[in-house]
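Feature annotations, reproduced from TrEMBL:
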type: BINDING; residues: Asp5, Asp104; note: Mg(2+) binding site
type: DOMAIN; residues: 2-123; note: domain 'PIN'
Amino acid sequence: MILLDTDVVSELMRASPDAAVRRLLAAQRLETLFLPSLVVAEIRYGLARLPEGQRRAGLESLFERFLAEGFADRILVLDASCVARYARARAAREAAGRPIALADALIGGMALAYGATLATRNTTDFEGLGATLVNPWEAA
């Protein structure tokens, strides 16, 4: 099971996604790829911040198709287990002098709770949480 972080989803929505990202994800069975609900929220928030117009409407439409065609039944919810993992991991990072953003800590907690690998370009943001990480831009 692989959870896709916001940066990976954003990359996949580009007209020409990075070849390394495409290769890594193409090598996976589609049913092993999941989206944390927080990533969906972050993407929707980013789109909502764009000025009204054709660009925003086009990106919103693209994202809706991305969800409907690929991930409609593979969006993972933040549950009690995720929140417990988040709390412990975030507290440990802060105690080590390495604070972490709320959204990153919650996504990391989801990866831990679901026993999933987190695919992200921002691996340093998640280091020390205990989650297995893969950087699709650097994957062999």
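Cβ atoms are placed via backbone N, Cα and C, with glycine included.
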Composition by DSSP (helix, strand, coil) of residues within the domain 'PIN' (2-123): 79 helix, 12 strand, 31 coil
Confidence summary (mean pLDDT) of the domain 'PIN' (2-123): 96
Candidate with sparsest Cβ neighbourhood (10 Å radius) among Asp5, Asp104, the listed binding-site residues: Asp104
